[in-house]
Amino acid sequence: MSFTLHSVFFTLKVSIFLGSLVGLCLGLEFMGLPNQWARYLRWDASTRSDLSFQFKTNVSTGLLLYLDDGGVCDFLCLSLVDGRVQLRFSMDCAETTVLSNKQVNDSSWHFLMVSRDRVRTGLVIDGEGQSGELRPQRPYMDVVSDLFLGGVPADIRPSALTLDGVQSMPGFKGLMLDLKYGNSEPRLLGSQSVQLEAEGPCGERPCENGGICFLLDGHPTCDCSTTGYGGTLCSEDVSQGPGLSHLMMSEQAREENVATFRGSEYLCYDLSQNPIQSSSDEITLSFKTWQRNGLILHTGKSADYVNLALKDGAVSLVINLGSGAFEAIVEPVNGKFNDNAWHDVKVTRNLRQVTISVDGILTTTGYTQEDYTMLGSDDFFYVGGSPSTADLPGSPVSNNFMGCLKEVVYKNNDIRLELSRLARIGDTKMKIYGEVVFKCENVATLDPINFETPEAYISLPKWNTKRMGSISFDFRTTEPNGLILFTHGKPQERKDVRSQKNTKVDFFAVELLDGNLYLLLDMGSGTIKVKATQKKANDGEWYHVDIQRDGRSGTISVNSRRTPFTASGESEILDLEGDMYLGGLPENRAGLILPTELWTAMLNYGYVGCIRDLFIDGRSKNIRQLAEMQNAAGVKSSCSRMSAKQCDSYPCKNNAVCKDGWNRFICDCTGTGYWGRTCEREASILSYDGSMYMKVIMPMVMHTEAEDVSFRFMSQRAYGLLVATTSRDSADTLRLELDGGRVKLMVNLDCIRINCNSSKGPETLYAGQKLNDNEWHTVRVVRRGKSLKLTVDDDVAEGTMVGDHTRLEFHNIETGIMTEKRYISVVPSSFIGHLQSLMFNGLLYIDLCKNGDIDYCELKARFGLRNIIADPVTFKTKSSYLTLATLQAYTSMHLFFQFKTTSADGFILFNSGDGNDFIAVELVKGYIHYVFDLGNGPNVIKGNSDRPLNDNQWHNVVITRDSSNTHSLKVDTKVVTQVINGAKNLDLKGDLYMAGLAQGMYSNLPKLVASRDGFQGCLASVDLNGRLPDLINDALHRSGQIERGCEGPSTTCQEDSCANQGVCMQQWEGFTCDCSMTSYSGNQCNDPGATYIFGKSGGLILYTWPANDRPSTRSDRLAVGFSTTVKDGILVRIDSAPGLGDFLQLHIEQGKIGVVFNIGTVDISIKEERTPVNDGKYHVVRFTRNGGNATLQVDNWPVNEHYPTGNTDNERLQMVKQKIPFKYNRPVEEWLQEKGRQLTIFNTQAQIAIGGKDKGRLFQGQLSGLYYDGLKVLNMAAENNPNIKINGSVRLVGEVPSVSGTTQTTSMPPEMSTTVMETTTTMATTTTRKNRSTASIQPTSDDLVSSAECSSDDEDFVECEPSTDKSLSTSIFEGGYKAHAPKWESKDFRPNKVSETSRTTTTSLSPELIRFTASSSSGMVPKLPAGKMNNRDLKPQPDIVLLPLPTAYELDSTKLKSPLITSPMFRNVPTANPTEPGIRRVPGASEVIRESSSTTGMVVGIVAAAALCILILLYAMYKYRNRDEGSYQVDETRNYISNSAQSNGTLMKEKQASSKSGHKKQKNKDKEYYV
């Protein structure tokens, strides 16, 4: 049949319960009298419900039914108008009317049903339906009144009735019966002028043998499907033969004709040889399933077809005879049909009349469209599924059936097709696709899966769809946003080179955004975005989604609501490649091309909720099994909604906002300064001084149409760049900056290079006021296409962008300074202040950068809430000053600067102008004065500080003037405000003078200006109305002594001279700070040490000692700063040469820091057990070892100590020797001595490995300022030391700290800072780092470290080879002899008192020598002894500290020389005494032992050295007693390593001659010792 297909669909839902009351049910007879009525219990018609009854009448007007909300807005009224039924209803004061097509005043019985479905209300008369739909604000009807039939009581006051005049409407005249609410009968509350009527259409029980009577076209009809009889009245026996055996055989045959379908199988019967052409048909079958949706049976094509399916657990029938589709849905009263029980279906058609019944009880009857009565099909009969179910005409579902089908039979007047039996016996016309099993087996349920976190997802196989395809699934969630499905094709270059997005891909996606479901599709010619829901779908209920596509066109259905779509362009092919992602995207998206239109992907919104019944092209996907196979994190195989609200337990910390999600709470940490699931982790802070920035470089060019940006900031400046996206190829930017104390948002989308409307300039929004108050402020930006929203604290600004272009391109996210300046005309001012919690589209970039989670971060800013002193300049005298360009402050002004001084008075700033206009800022008697004249005479505002400000501390000054002429002066935290009337503009001209004036200008100053001299002190962070001048380079004129930096007047060790537990060492002309064990660097140990960030993929920094320069040590010192969040990883490991097995390892285990080392036999472990260190905060760990003794300390926490059990080595040796036979004494003694060596000496160190990658225990985070026995390996790595190799994810932060010293305060290299020597002979030393001086920095060799010295203990009688670099190993001898030091042991040391001036000690030649040395340098007593640190909480340590010292020596064949080492107090590194575990001691000097060339030589050396030791001691004592004969003066220039003249060995070598010759002239001088 070829007729025009009319898209006429209507749904008939009728449920008839048959029992004893059906035929006997009493009706109501209405006489049409005034004030007649029948009152029933209230019908709940608020959302979804049905009401039905039967009636007959012969009148054309009358009120049938009425209900309302008590006189407000809502009502529903059924009445007769001109013989037709009129439905009139209102919701939320929106009203509509529906009128039936059929005349009903014909004295025949008619069936009427009113169906409510939220905003839609339907009217069905005898199977023909119409509906009306409203668009109210709320999607439900308020029902307050009872239900009235036939009329409304007159005693109800009119104001309580919503519909005016309803009481005056004529009453109904006729019969009504079988009133039902759904399938239940309501209770009659009362009536008036109404009679009971026993007559009914089925009152005479016409059906026999248990047949069911129902109305059809107003006449009683019998349903005989459950009786075994046929005929009009179920009176004809239709059994096929007599006898019980036939019935048993028939039952057996029925049981055998069963088949199991699992979603991919189906049966196909070919009708091409015997086409169907019938006017009446019957289909019978039984099914059993857990599945909610699936095709059961289909035949026909185009406009002639029959489709039977399960749809959301109900049975759906769609029939089209050529003039339009008839659709019927049969639902059970309770539950669904997918309950895994058998259900029987019978469909009968006679001409246009169609009846479908399920289980013989639930019956639906209706009519097809117009007058077509013939069904024709020459196609196929599909059972259980089809090759492409979504493409079948009229198919309401897209997937195949899963479950069991039994006895599928089709018959008409001509043929009977037992389809199940034909498939089982293998009929030639029946094709079986897939593995169909002809018995009923259990089919695994498609269990739902629950995505518990936004990061959870699973991968699905490639979707092989080209021209057509279908996807269906159910989802359930309460969260408004989430990416549900995404897949894309192969990248292709766009032909238009001007396009901003130069690669394109076909893609398909489904996302939930703001509660609405969207389909996104691109088939090569542009993206379409289809909104598939009219109301929000995140209400926690299940929603069924069915997507069907044929070429460019298709439909997406959500709960039967269909939305058509058509793709752009001409292509009908969707070319996809790779996996399809369900629930979200993988963390590593390097291979993905994410379309800008897919906002959930750009914003990192993963789906949190449940998914079930996923079918792709009609075939089921067992997503639970896929999740288990992929071990998908955060995916569970169940779906239940928690009843309790998750936020009721207040899980969010630090004042974070809690939101209820899907079975979870969501903590919004914005504005708290914390992050984490419960906002429990403190976010990292970056400090900016105007020259610093953080730049995140995207791994690829980014294109977005939606952004979420949030952060906190704190600043005292009114101007400065906060955050900006920048592009290398366009002017595109999303920029946030401080502008006059407000936050300014500017979004500029460049239209130059792409085909879009010309840009109308950047969109700009402002929010906030006076934000430069040095308090934390929270900024949020939300952009969705053209919509912009800026929130600063509680101030909200919103805007809409003009034009059609919404795509933002960027390569970088920049903070502090904008480095990408090619496409901007005005560069924003640099930022001075602090940033925290920068989150851009779900990524917390500051913490990601700090922890090494991203490898594309350029970091020049400093971590931590630091006191920011930007670009300080020192004005050394009161006559010093400089001039800058005129201050531009005509209408408003924001000035900021910092100062530090000891002078009570002085000019800070002055600028004159036209007429009397001027501005001056000065210090008067220690207080700030702000003096100005705008033309109305001079005014002065005085700061109200609590005390004078000339206290040599930094102070902050903010001066503002707004458009209302309100002036404010803020000094530190004290504010003074004054409103000035009159002139508002400040018209300045001439130069701006800083820190003073030219000498002749002081006599011509305006009134109220008190200063007559310049400012002496330091100025920093100068901000002149948004301009950050460089006071030195931008100066137009300079006069006097002006220097960059601010050293201050202190030249002696003060309590705060050295920061971060650095050790202050008093020098001749100042002091130096030993920063070696602090992880910091700089003159005062307040600059970060060389810092590397190790990424999550692991990295390794490997230092290898040269083969001939490998040290062996008795004691070691190790310090490093770190921050990390990993629970397990190796920070540093030092290994001996292959085969020896000695090692030392610093690691984190279960979040706690520990050290394990082995120096001979067993592993020795020491651990900080109290507190985990993987909290993301910065920690400094210090480790010391002396033999088997060790200490470990984190920050200022208590020290952890380890001492070996037992007595000293010698005591143990003597005990053992008493029990050994005499002849075995010698070999046993040699063996025990060798074991003793192994227990105390770290032999032949070969390499230092940093990062743990070589051992498989990766460290992730940052490491800073690593120090080990004189080596700063990270500094060496930053300087590209040839002995260091770097591989993996390792990134240097910023630059290697450059250090410049001054004559006042210098800083020695940390590894050399403890090598100030006091000896009885003059010895040369070597340095292993760059010397810091004011003039220049001279590089030296890094090769000679601790390996350059030879140790001096009982194990040192092995051969020591001199360094091969003669220029760096030089000895100087005076008096014509070589000095030798005796052997020493730890027992020789006592806690002797030494000079408070130098804090140095000597190795003990004798107690008298120590006392003499101490007393010889007691003349200089500063305010605080050198060696004092700013750390009062630590316990005092013993005074004697011997630190590692690289020294040079000479070796001859008979005499051993050893350096004598002095060191200042080092209180912050507690160490252990190797022989006295009961007393806390610090170790001796780092002892370095060369590798022995042979064991035999060592044994011989021990015997020889014992005698030699005695001779050396006697010789030293003799020389001491005769010191006057060989006296000399120790030249301080040789003893201070920090002196630039000795910063490398070559210079020292050149001085040898003068040193020797000068010795004779000094022979008769008094003894002098400089320390």
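Quick reminder: no glycine exception, Cβ is built from N, Cα and C everywhere.
Small disclaimer: the values here were computed from a predicted structure and weren't measured.
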Query raised in the report: So Swiss-Prot lists Ile1159, Ile1241, Asn1243 for Ca(2+) 3; which of Asp1135, Asp1142, Asp1175 goes with them?
Result: Asp1142
Report summary line: Listed alongside Leu749, Arg807 for Ca(2+) 2 in Swiss-Prot, from Asp729, Asp732, Asp793, Asp794, is Asp732
Query raised in the report: What residue among Asn1331, Asn1544 has an entry for N-linked glycosylation site in Swiss-Prot?
Result: Asn1331
**Report entry** Per Swiss-Prot, member of Leu295, Leu317, Leu321, Leu362 binding Ca(2+) 1 alongside Asp304, Met374
**Finding:** Leu321
Report summary line: Among 1324-1348, 1374-1398, 1474-1498, Swiss-Prot marks as region 'Disordered' the stretch 1324-1348
Query raised in the report: Cys1058 pairs with which of Cys1018, Cys1073, Cys1075 in a disulfide, per Swiss-Prot?
Result: Cys1073
Report summary line: Row Asp304 (Ca(2+) 1 binding site), column other C-beta within 10 angstroms, all chains, value 25
Query raised in the report: Roughly how many angstrom lie between the C-alpha atoms of Asn1287 (N-linked glycosylation site) and Asn1189 (N-linked glycosylation site)?
Result: 34
Query raised in the report: Measuring Cα to Cα, how many angstrom lie between Met374 (Ca(2+) 1 binding site) and Asn1189 (N-linked glycosylation site)?
Result: 102
Report task. Select the most exposed residue of Leu321, Met374, where exposure means the fewest other Cβ atoms within 10 Å, treating these as the binding-site residues. Result -> Met374
Report summary line: Quick note, Leu321 (Ca(2+) 1 binding site) and Asn105 (N-linked glycosylation site): C-alpha atoms separated, nearest Å, by 31
**Report entry** Residue with minimal Cβ packing [other Cβ atoms within 10 Å] among the glycosylation sites Asn105, Asn1287
**Finding:** Asn1287
Report task. State the three-class DSSP label for Asn105 (N-linked glycosylation site), counting H, G and I as helix, E and B as strand, and everything else as coil. Result -> coil
Report task. Enter the number of other CB atoms within 10 angstroms of the CB of Asn58 (N-linked glycosylation site). Result -> 12
**Report entry** Between Asn58 (N-linked glycosylation site) and Asn105 (N-linked glycosylation site), the C-alpha gap once rounded to whole angstrom
**Finding:** 4
